[in-house]
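Peer 1: Pasting the feature list from TrEMBL:
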- 20-52: repeat 'ANK' (REPEAT)
- 53-85: repeat 'ANK' (REPEAT)
- 86-118: repeat 'ANK' (REPEAT)
- 119-151: repeat 'ANK' (REPEAT)
- 216-249: repeat 'ANK' (REPEAT)
- 250-282: repeat 'ANK' (REPEAT)
- 283-315: repeat 'ANK' (REPEAT)
Amino acid sequence: VEVVRALLRSNAQVDARAKDNQTPLHIASRLGNAEMTTVLLEAGANPDATCKDNYTALHVAAREGHEDVAAVLLDNKASLQLATKKGATPLHNAAKYDKIGVAKLLLARGADPNARGRNGLTPLHLAAHYNRTSIAAALLEAKANANCLASNGYTPLHIAAQSSGSSAAADVRRRQHSRRIQERLRAVAPGAQEGHPEMCAALLSSNAAVDQASHNGITPLHLAAQEDRVTSAEVLVVQHGGQIDPQTKAGYTPLHTACFFNQVNMIRFLLRHGAGVNALTQQKFTPLHVASQQGHLQVVYLLLEAGADANMRNA
């Protein structure tokens with residue numbers, strides 16, 4: 001710090017730019033040096049200077065979890081609203097990287113818990129996707145909207161029900177790009193085999209709508225069915241009374257979805273809880289049509305044992 005003071009006394013540029021357009025303030029924030037941050041700000045450093053990808057020092061402090069640095073920046077009027085090129089506010093960063101201390105500080109200082117980033121994702125969407133339960137609790141306490149829709153119509157509950165832990169924004173973009181394909185239940189890459197049932201339960205306890213449909217009519221249970229997340233499905237259906245046979249705009253039920261993706265455990269769960277084994281899509285496809293078309297022999301046997309009609313004709 002004394003070296004910094006000496007350089008500043010010798011007229012060093014307080015907002016000099018280095019690699020990736022970083023200023024000394026960005027570096028002090030990344031290192032978690034609150035004293036150096038204070039010295040730079042007192043010397044006139046711009047608290048909202050942006051580097052590559054439009055990161056401010058507060059974005060950096062939030063990402064790294066440096067609560068003391070974030071407090072100094074906020075005391076010097078750093079913006080809570082400025083967004084990166086990906087649309088992330090500092091609160092989005094704190095949510096994504098599970099920095100609960102910084103998240104609580106930002107919320108206490110007035111950060112918007114419903115700020116929308118790229119693809120309409122809020123901090124709660126990110127917390128749901130990455131299973132940041134403490135962050136989600138703090139956001140919900142700060143009146144985050146548990147039913148806020150991303151640009152594809154997904155709520156945080158949709159994301160928690162099917163989340164694979166990969167990039168939430170990439171997941172939304174992928175699903176937007178393949179909207180027609182997904183509606184016909186063509187290939188959508190499956191994620192990991194474990195969902196986030198605790199996150200689902202927390203969101204539902206905060207009045208998330210269990211059967212909220214996306215723009216295409218996709219519910220959280222459809223996504224749980226796609227990824228074989230039986231524990232999440234139990235939270236949705238058994239614990240919170242979600243419908244067992246909600247239909248997309250094309251008429252697909254979660255059972256159709258599970259049959260297409262050969263999710264045997266989910267199929268057993270859905271049938272056990274009364275899913276319509278002969279439910280029809282708009283084109284008159286039953287789950288048995290779907291399983292037969294995909295060549296899923298075990299699923300075909302399961303459906304026939306459950307009373308599927310082998311003679312029903314589609315359109």
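Each residue, glycine too, has its Cβ placed from N, Cα and C.
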Peer 1: Run through the repeat 'ANK' (250-282) and tell me, per DSSP, how many residues are helix, strand and coil.
Peer 2: 16 helix, 0 strand, 17 coil
Peer 1: Near the repeat 'ANK' (250-282), which residues from the same chain, at least 6 beyond its ends, have a CB less than 8 A from one of its CBs?
Peer 2: 183-185, 190, 216-217, 219, 221-222, 224-230, 233-234, 237-238, 244, 288, 290-291, 294, 296, 298-299, 302-303, 306-309, 312
Peer 1: In the same chain, which residue numbers or ranges, 6 or more beyond the ends of the repeat 'ANK' (20-52), come under 8 angstroms Cβ to Cβ?
Peer 2: 1, 4-5, 8, 14, 58, 60-61, 64, 66, 68-69, 71-73, 76-79, 82
Peer 1: Per DSSP, how many helix, strand and coil residues does the repeat 'ANK' (119-151) have?
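Peer 2: In the repeat 'ANK' (119-151), the DSSP-based counts are 18 helix, 0 strand, 15 coil.
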